[in-house]
Amino acid sequence: MAKPFFRLQKFLRRTQFLLFFLTAAYLMTGSLLLLQRVRVALPQGPRAPGPLQTLPVAAVALGVGLLDSRALHDPRVSPELLLGVDMLQSPLTRPRPGPRWLRSRNSELRQLRRRWFHHFMSDSQGPPALGPEAARPAIHSRGTYIGCFSDDGHERTLKGAVFYDLRKMTVSHCQDACAERSYVYAGLEAGAECYCGNRLPAVSVGLEECNHECKGEKGSVCGAVDRLSVYRVDELQPGSRKRRTATYRGCFRLPENITHAFPSSLIQANVTVGTCSGFCSQKEFPLAILRGWECYCAYPTPRFNLRDAMDSSVCGQDPEAQRLAEYCEVYQTPVQDTRCTDRRFLPNKSKVFVALSSFPGAGNTWARHLIEHATGFYTGSYYFDGTLYNKGFKGEKDHWRSRRTICVKTHESGRREIEMFDSAILLIRNPYRSLVAEFNRKCAGHLGYAADRNWKSKEWPDFVNSYASWWSSHVLDWLKYGKRLLVVHYEELRRSLVPTLREMVAFLNVSVSEERLLCVENNKEGSFRRRGRRSHDPEPFTPEMKDLINGYIRTVDQALRDHNWTGLPREYVPR
């Protein structure tokens, strides 16, 4: 009896060992397959830096944004990038057939966060360094290579204008950007940054110190960290158009102390607008002022802030009468006002976690541009948008919870998402304008316009029915669950930019000089505004749509008043 029992016990032990071995082999095989999939999906190279690590370069002027249905068919998008996105989206989370806005809002926001992770991993590597023998100027450059110069982030060598392009920066692209704005010199730094100016740096360094390859041009040198590859701009590429030399700003009364208000001047007979603008551009001033035969160059200042314009007929007199009347004509030169272009991450983690919350299409990107240039600190984002990062929003790639940015963009609503923040700026825009702006963005990107076929299709009414209620619930949720709020209306920000922006900056607990606010006002549009208007603007809202939206407007207006805020601006409220 004991012998069979012993045999059975021995068999069970062997079976147990065999099962353990098979389980271990199964787990190891699965792990190896998973690692192989990750290696295929993500580019080879160093690991991405942690969320609190400083990223290598500022953002850019062009590049691939979020991978929507249009980007999947874009030949410029690499197969590796598409494969990586495909790996991150399981079959259960892939988009359903039909327009994107027919999916639930939460599903769309989750996909934004997935894309953030992939873009963070794929773009985190710095620009490749070239060996000393490869450090050479671009062969196809239309400018004259001057040399390699040192640069300082706090005191730029070329101070005229700044552009970024993390994916496509080339020497020709930088030269054209500077030539369009009438600059003489173009400097490239860290493979993706372009600086313009009219004054050549004083001290050069060895050519071997400029050893970073241009992001969009293999084998060409685009400076290095704190090193500029400087070219003299000779001519524009074919098809490029030079910007207007001067834009009329209005007729203004002269300040009391002209010498103090206007740092540079030119007095000559028969001076013209072009002559004065060219002179001030050479001196790197954004304003050219004409008073009779006198030309002055200046920045907007508290003494000369360009807010109290006179009737243009006052400046239409002959030069001598105009000079005696103490009036002047002001023109904007192609030169960028760079007093407020420097930005950085917060030196220490912020103790107050601030949201910049809005409904999509309410001007969140524009508000971020204003806040960044007013405070000098980057703004973050709950999502990742490669197009915004490429346009200079460097905080876009920083983890939204890093607390290294002055505030964090979000379109989220709901108690859990709202209570993660200590305070918030709630940006509200007329829902009619917001819905049109967001529909344009979804159909044609940040700077484009939806085609007529989009407005006439079933996509537009489906979009309105889905998103109009979100406009209302977004405001109501933030009023209900927000711990500390500042309500800002987009229309008021456009009408009274400096006072409203001053209030926003004070809410963020940042001290800002009046000169910096005036600089922001001078550069208020930035690079993310739809230029011009459509040849014909359709009336997209049917009477049924208007009844629906007007009901939401009344609800939000009453909720604001119930929470001791002023109601919506009069142009929102239906009459």
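Cβ coordinates come from backbone N, Cα and C, glycine included.
Model, not experiment: these values are computed from the prediction.
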Annotated N-linked glycosylation site residue, as Swiss-Prot has it, among N270, N348: N348
N-linked glycosylation site according to Swiss-Prot, picked from N257, N509: N257
Neighbour tally for N348 (N-linked glycosylation site), based on other Cβ positions within 10 Å of its Cβ: 8
CB contacts for N257 (N-linked glycosylation site) [other CB atoms within 10 A, all chains]: 9
Euclidean distance between Cα atoms of N257 (N-linked glycosylation site) and N348 (N-linked glycosylation site), Å: 42
The domain 'WSC 2' (245-340), counted residue by residue under DSSP: helix, strand, coil: 25 helix, 30 strand, 41 coil
Overall pLDDT of the topological domain 'Extracellular' (36-575), taken as the mean: 78
For N348 (N-linked glycosylation site): DSSP state (helix, strand, coil): coil
